[in-house]
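For reference, TrEMBL lists these features for the protein:
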ACT_SITE  128  active site, proton acceptor
BINDING   121, 194, 196, 228  Ca(2+) binding site
BINDING   123, 235, 239  substrate binding site
BINDING   228, 248, 288  Mg(2+) binding site
DOMAIN    18-113  domain 'Fumarylacetoacetase N-terminal'
DOMAIN    122-274  domain 'Fumarylacetoacetase-like C-terminal'
């Protein structure tokens, strides 16, 4: 039986009943963020649901996880609690609670949904590895042999992860010297971004204890869209021998002005998965910018597909019993104040 919502949702909505993403928001009448779930043109205020006692399942009953300003406490509770979170049908018949809990999306300001303690940037596909390798190594042998054997990644600066819509000044730094000249110093001359998807991890592991690769999905709450901004001239000069530093982690500390004050250039991203659409619009914010809504892994399960065959096969500790990806098409467009240019 198809899922149906008692809340009217337009057929073209980004957030039908099949896709109920989590986020954090503020309204004009509140200073502290509240947690919510998007549905149609509304945000369901989870703090109101929690205070009403509708979360009466074993793990969520009595918990204050939805009274927090971020999702961290809820995420740390793990998949058993995540599966209990959908609200009870009692909301449908409680008009007073519906009026308090359903906030029009046009009246909210989205904020970063969690405190980010760490983030890791992976070479997650052959196309990505080849493109980056061509930039930094050259086209002859752009992919390092270790890429075929193990996950390749680096840890970034968590404080540079900001919500879409944040305006940030173009970074300044050193560029590679030409010939015997001194290094260039000034605003970056080679800025780009990579459209990516980022996974949001819930429970971690104890120090010294491993997580079986076949149990990894139990630790992943959901995904967001991410723009990974890079100052390539700064990065190319600094990354040897220890990897990226300021060329990949600029943002906090250079924030200027309130959001949405300089929209000369925008990127518009759409992740369309049949009838699920994750949408993100933001200014040219030079940092690591993420979309405000976390789409749960459960919402993407209908769109799972076989992963590409690994050749050579992975070592036993990295071998999955079931190896799958998700069939998600990403679109990018750059726009001026009057025109949109698909890329």
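Quick reminder: no glycine exception, Cβ is built from N, Cα and C everywhere.
For each listed feature, how buried is it and what is near it?
Sequence-distant contacts of residue 128 (active site, proton acceptor), defined as residues of its own chain at least six apart whose C-beta falls under 8 angstroms from its C-beta, comprise 194.
Annotation for residue 228 (Ca(2+) binding site): same-chain Cβ neighbours under 8 Å, separated by at least 6 residues, are 121, 193, 194, 196, 248, 288.
Neighbour density for residue 123 (substrate binding site): within 10 A of its CB lie 19 other CB atoms from the protein chains shown.
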Neighbours of the Ca(2+) site 121, 194, 196, 228: Cβ within 8 Å of the Cβ centroid, same chain, sequence order.
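Near the Ca(2+) site, the remaining chain residues are 193, 195, 226, 227, 288.
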Considering the binding-site residues 235, 288, which residue's Cβ sits among the greatest number of other Cβ atoms within 10 Å?
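Top count of Cβ atoms within 10 Å goes to 288.
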Enter the number of other CB atoms within 10 angstroms of the CB of residue 248 (Mg(2+) binding site).
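The answer is 23.
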Could you give me the DSSP helix, strand and coil counts for the domain 'Fumarylacetoacetase N-terminal' (18-113)?
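Per DSSP, the residues of the domain 'Fumarylacetoacetase N-terminal' (18-113) fall into 35 helix, 23 strand, 38 coil.
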